[in-house]
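Enquirer: One structure, pasted below without further comment.
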Amino acid sequence: MALRSLTRHTLRNATLGFRGLQTFSLPDLPYDYGALEPAISGEIMQLHHQKHHQTYITNYNKALEQLDAAVSKGDASTVVKLQSAIKFNGEEGGGEPPKGSLGSAIDSNFGSLEALIQKINAEGAALQGSGWVWLAADKELKRLVIETTLNQDPLVTKGPSLVPLLGIDVWEHAYYLQYKNVRPDYLKNIWKVINWKYASEVYDKEFP
Amino acid sequence: MNLLSCSSNNCVSSYSLLASTDLSLKSPKTSIELSQLGWKQRKGFESNRSRKSSIVGYYGLKRPPYKLDALEPYISQRMIEVHWGGHHNGYVEALNKQLEKNDVLYGCTLDELIKVTYNNGNPLPEFSNAAEVWNHDFFWESMEPGGGGMPTLGLLQQIEKDFASFANFKEKFARAALTLFGSGWVWLVLKREKRCLAILKTSNAINPLVWNDIPITGLDLWEHAYYLDYKNDKAKYVNTFMNHLVSWNAAAARLVRAQAFVNLGEPKIPVA
C-alpha cells in the first residue's frame, strides 16, 4: 500500500505513537531557506515549508488517527507529503545538468536537455489551476515521460509504473510572492536549482 | 450595478454590447487609463498603439466598480492591480487570442459562450478563459468598500428561509470555502429547479451558469486571490470577505433580477 513506498526522508521522521500508529514530522530541508535565491526567494521557501507542507503533515497525522474510519483520506495525504519531499529536493548551487545514464536517457527520449526543459515548462504553464508537473521514469515501458497532475493527485494516478524523478509544484503558493502571475518566469528560473543528482540517483536505482 | 437586459435568459450583463462599444484593451484610451493608475506599461501597449493592430478585441476588460485602493485595508491596491491587471486581463487577452482563431464562437454573449464551451462537462479550450473572465467580473461586483454586514429585506428573508439563519449561512459558506481543495470558487446560488438558495463549491473556472443556476454572490479561492495579502491564511481571507467586503447590495439586485425567471413565492391568487 502507500505506506510501503515511503522515501528515506519520511521514514526517518516517523515516530511510533503509543498505539503503534506512526506519526510524521516535518522533514528538515537539506539547505537554508535562503539558499535557493534568487530563483526562489527565502520568504517563499519558508512559507511553503513551514506553513503549507507542515499543514499537510498535520492533516496527514490527523487522518492517520482516523485511519480505521477513513482509509482513503489517509492515502491522499500520504502522497501529498511524499510529493513535497520530492519537490523540496532542490539544491544549493544546483541546476548542474544530469550526466551519466539519466543524461543519455534524456537525450534519447527528448533530444536534448533544452528540449526537455522547454516541454516541461510548456506543460507547467498550460496547467489550469493547481497541480504539479513531473519528469517520471516509466518502469514498464522503460522510458522517460512528462506528466502533469492536478491539485495533489499522486503521480501513480497517471500510470501505476511511473516513478517520479523530478516534480515542480505549480500551485500558485509555490511562486506567487515572487513571480506573481508570471508562472513561465518561475518555470524558467527554477531549473537553476533543480537537484539533478537526486533525480539521477533515483533513475539509477530503477534502471541499474 | 449594471442591469442590462439581454436576449438570453440568465446573463447578468450583456457582453455583446460591451464587445461593440467597449474599447479593446490595446486602444489608447484604456492604456492611458491604466497608466494613470500607475500601472506599469507593458511592451504590448506601446508597440500596439503606434502601429495598426491586427487583433480585434472580442471581449473587453471591465473595471471594478470602485477605485483600486477602495478595498484597503482588506485587499491592498497592489493585490487588485495584480489580480485585475494581471490575471483578469490575462484571461481576456488569452480569450481574444483564442477567438481570433475560432470565429465559430464569435458573436455569443459571454454567458452563452461559457455554456457552449463547457460542452456538458467536456470543456473546450476556450472555456477556462471565458469562464474566468466572467467569474472575475462577477467577483469585483460582488464586493464593495464598506461591505459585509447583513443583507436586508427580501434577500435576508430568503436566506433565513433556506439556511435557518444568517449566522448559519455565514458558517456554511466559510466552511465550504475552507474545505475547497485546490483552485476554485464558492458561490451562493439560486437554484432554478429547486427554487431555493444554495452554496456551491466549484473547481478551477467552473461557475454555476453551466448548470443553469443563478449566481448571487461568489468568492475567488484561487491562491492568487489572497496570497499577496494573506499568504496561506485562507480563513482570515474568507472571514474578511464575509465581514468587510461582500456586497449585499449587488447580491440583492441579482436576486431581484433572478425573480424574473424563478418564482420564489406562492402565487397570490385572490379568492373570489
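A Cβ is built for glycine as well, from the same backbone N, Cα and C atoms used for every other residue.
Checked TrEMBL, it gives:
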- A:23-91: domain 'Manganese/iron superoxide dismutase N-terminal' (DOMAIN)
- A:HIS48, A:ASP169, A:HIS173: Mn(2+) binding site (BINDING)
- A:98-201: domain 'Manganese/iron superoxide dismutase C-terminal' (DOMAIN)
Enquirer: Let's see if you can do this one: DSSP helix, strand and coil counts over the domain 'Manganese/iron superoxide dismutase C-terminal' (A:98-201), in that order.
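Expert: The domain 'Manganese/iron superoxide dismutase C-terminal' (A:98-201) comes out at 53 helix, 25 strand, 26 coil.
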Enquirer: Return the single residue from the binding-site residues list (A:HIS48, A:HIS173) that has the minimum number of other CB atoms within 10 Å.
Expert: A:HIS173
Enquirer: Express the predicted model's confidence over the domain 'Manganese/iron superoxide dismutase C-terminal' (A:98-201) as a mean pLDDT, rounded to an integer.
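Expert: Looking only at the domain 'Manganese/iron superoxide dismutase C-terminal' (A:98-201), pLDDT averages out to 87.
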Enquirer: With DSSP assignments reduced to helix, strand and coil, which class does A:HIS48 (Mn(2+) binding site) get?
Expert: helix
Enquirer: Validating a neighbour-count step here. Other CB atoms within 10 A of the CB of A:ASP169 (Mn(2+) binding site): how many?
Expert: 23
Enquirer: Provide the list of binding-site residues among A:HIS48, A:ASP169, A:HIS173 whose C-beta sits under 8 Å from chain B at the C-beta level, in sequence order; use 'none' for an empty result.
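Expert: Sorted by position along the sequence, the hits are A:HIS173.
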